[in-house]
Amino acid sequence: MKNINPINTNAWNSLQQHFNNIKEVKIRDLFLLDSQRFDNFSAIFDNQILLDYSKNRITTETLYLLFALAKECDLPNAIAAMFSGQKINRTEDRAVLHIALRNRSNKIIAIDSQDIMPEVNAVLSKMRQFCNQIISGQWKGYTGKPITNIVNIGIGGSDLGPYMVTEALRPYKNHLNMHFVSNVDGTHITEKFKYLDPETTLFLIASKTFTTQETMTNAHSARNWFLKTAVNEQYIAQHFVAISTNANDVVKFGININNMFQFWDWVGGRYSLWSAIGLSIALSLGFENFELLLEGAHAMDCHFTETQLEHNLPVILALINIWYNNFFGFETEAIIPYDQYMHRFAAYLQQCHMESNGKSIDRNGNIINYQTGSIIWGEPGTNSQHSFYQLLHQGTKIVPCDFIVPAISHNPLGDHHLKLLANCFAQTEALAFGKSCQFIEEKFIMGTTSEQKLSIIPFKVCGGNRPTNSILVKQITPYNLGALISLYEHKIFTQSVILNIYAFDQWGVELGKTQANSVLSELATDNIVTCHNSSTNGLINYYKSWRYKTDDK
């Protein structure tokens, strides 16, 4: 990949001039000028996902210049570099090949001239066999009872992705009860224990290194809880499996090495749900549905690699975000799925976006003087309408939004889904077009005085011109969800290429982990701590003065 500072490109300079010319443009006027704006600013994928980006503050010239920026930053060759196994994660000297995990064409993908697909397929085959044993009841616990509850213990990418997918695809769920534990706060796992029976519970310990502090703390607590009933450590092998690369520590824990599922250093944590980390997905939904998830993602991979930039959905989304973040100064982006099953989708994308592109050093090692990653947040509609939409409509911060909604519901109860769709479509229209003084004045009832009108009208005006993308999915199926996740993954990668940053490391996360280990040893003693700044010293020492006292109020 070439390391190109985007603000030094001709396209960036042209975009700045273009922005100065159209920064006051109204979305309302763009629609008046182009009766075919929806047709000209929308794209469809596989007759399953429609992207409508017409309600944005962009023109055909904006897009022309944004695509020119992508080409000048060598995006097509960067895409080819990732898919061909080049080590584009240079700070860790690794390839980035989560796309190989869902390579349903099974074409050769090589790292250092070695085809990795045989290893990928071997793990998938092992996952299929294991899932069939658990789901069928063939796998028995230590008292001979089949497994009924599964607990995935992991954090970050080992939790957010699998949890999001199993929730989003609950209509496809089988009889197994799936639980997720991530937080090192003992409350998280303690609350799970209340509903579990050691005789019928299986734990999945998801940690690449098998040393992640939060995961291993929870794993050992689960082990201790299990042994209080089972007593004999030999039974651990029937109730614990590992998703890891650290065979030695897995065996020391008591897990049978045959029950360790491998993945590789070319799989980043936040892109790992396609790997053995997705074992919880396959167990919860059945392996056939896990394969459909992979197939949908692979189909979007093919779209990303084979479609011209001008019609490429991930590229379009990425460029629009760069346009808002760098030229308009819109710093955040809301992800709003109008589907209750998708309630964890925004949290999942929050990690993907912010851990990938939350960088301030470019690929040349220089401090960046432009904007990189946006702040990603969101909640499901319609709940969010009664939470933060007031700010979206009338606040001083403009927040570009992605509205995601299925055309077909899994639960066609009365007119519920029609009302959900109506709210989704109406909100994007209201955000774009607003409500003018004239419109409000016309709605006043007869007999209202001019003075009364003037006193209230300013508070009711909604200026509109708030940009949105609408993503209409035919139905939230395993295939379509896979494609949707892949769409956002490639959006993130596209942004990183153009913004000249490394998207697949996370050194900021590593810093916090290291310092936490240092503080942990200090918390274990009664000694007064003075080695930090006054704030950290004060917090630690107050904790020590309070920890043995119960609340008397």
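For all residues, glycine too, the Cβ spot is worked out from N, Cα and C.
Among the features that Swiss-Prot reports, active site, proton donor is placed at Glu355. According to DSSP, Glu355 (active site, proton donor) is assigned to a helical segment. For Glu355 (active site, proton donor), applying a Cβ distance below 8 Å and a minimum sequence separation of six or more within one chain yields Arg270, Gln506, Val509.
Taking a C-beta cut-off of under 8 Å and a sequence gap of six or more, His386 (active site) has no contacts in its own chain. His386 (active site) falls within a helical segment according to DSSP. Per Swiss-Prot, the feature active site maps to His386 (among others).
Within 10 Å of the C-beta of Lys513 (active site) there are 11 other C-beta atoms, taking all protein chains into account. Under the DSSP three-state reduction, Lys513 (active site) is assigned to helix. Feature annotation from Swiss-Prot assigns active site to Lys513 (among others); the stated evidence is sequence analysis.
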